[in-house]
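Colleague: Encoded as structure tokens, here's the structure I'll be asking about.
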């Protein structure tokens, strides 16, 4: 295993030296592949394009991210930015690698959450685009474009994670394969609208399930905070370590989003909007307003993080479409002369 990790450092060094001119590109790609961006951008964009597709993206995101958290607890994967120091690799074979602000994640490294969660969540978008193009064109190359773009984007995410020393190369295909398989399995099985108690039970199951696994492993003598200690020890700048990269941050995000999805689907705003047909301009206005409102909410954390992601589906599915619909209806109302 040590030789595999050492080879991973050599690959990361080669990427940083040979492709240094693409540094800003890699940083943007790793930002776009962050599971957090699924909630911030991909879910709203997909939802306003197709209600079912948007709900599928959110549902798959929260389930897959929860699974990724559990997998990391059991696999204990190192991250390159701390392993090169802990292993004494610098003294054995001096290398020229450096960290970035997005390198210093605090959770274990295997499998890659960026590849696994994003790969699974973007699967329904890719399949929907492929199906739509298949009905509109006879060209084989046009029909496979969504699949090619999907594969190229995930490959770029994987390379960016190796470039910034967030993952070893072998952790990337583990995330890619797991994510695509989960996306393929879960997309046809996304639950349609259920009773509110269903979403409450899912949120509770995610929270209690992860907590039970955590405390069981803790009672067995396993220190699940080991990666946090190493991240703080070897990150070049303390301000690069963000609270949202901690394992329980994703848990609060996922359980909160599950509950928020149920609340949104059963809200009066959502019921009223469903009876109307929003135009393309209204959908774009909804997307802009919803994304803008998440910025101030992003200042909240942990317990408030749960509430934040509970509110997020409510904003996207119900509140913003309702507000835009109501104002549009008022503008379109006929003027009666006195």
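From the backbone N, Cα and C atoms, a Cβ is placed for every residue, glycine too.
TrEMBL annotations: computationally assigned, not manually curated.
So TrEMBL lists the following for this protein:
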{"type": "ACT_SITE", "residues": "114", "note": "active site, proton donor"}
{"type": "ACT_SITE", "residues": "167", "note": "active site, nucleophile"}
{"type": "BINDING", "residues": "79, 161", "note": "substrate binding site"}
{"type": "DOMAIN", "residues": "53-187", "note": "domain 'Phosphatidic acid phosphatase type 2/haloperoxidase'"}
{"type": "TRANSMEM", "residues": "147-168", "note": "transmembrane segment"}
{"type": "TRANSMEM", "residues": "196-220", "note": "transmembrane segment"}
{"type": "TRANSMEM", "residues": "284-304", "note": "transmembrane segment"}
{"type": "TRANSMEM", "residues": "310-329", "note": "transmembrane segment"}
Colleague: If we count other C-beta atoms within 10 Å, could you say which of the recorded positions 79, 114, 161, 167 has the fewest?
Modeller: 79
Colleague: At the level of the C-alpha atoms, what whole-angstrom distance separates residue 114 (active site, proton donor) and residue 161 (substrate binding site)?
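Modeller: That comes out at 8 Å between the alpha carbons.
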Colleague: To the nearest whole angstrom, what is the C-alpha distance linking the residue listed as 'active site, nucleophile' and residue 161 (substrate binding site)?
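Modeller: One finds 6 Å between the Cα atoms of these residues.
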Colleague: Mean pLDDT, the domain 'Phosphatidic acid phosphatase type 2/haloperoxidase' (53-187)?
Modeller: 90
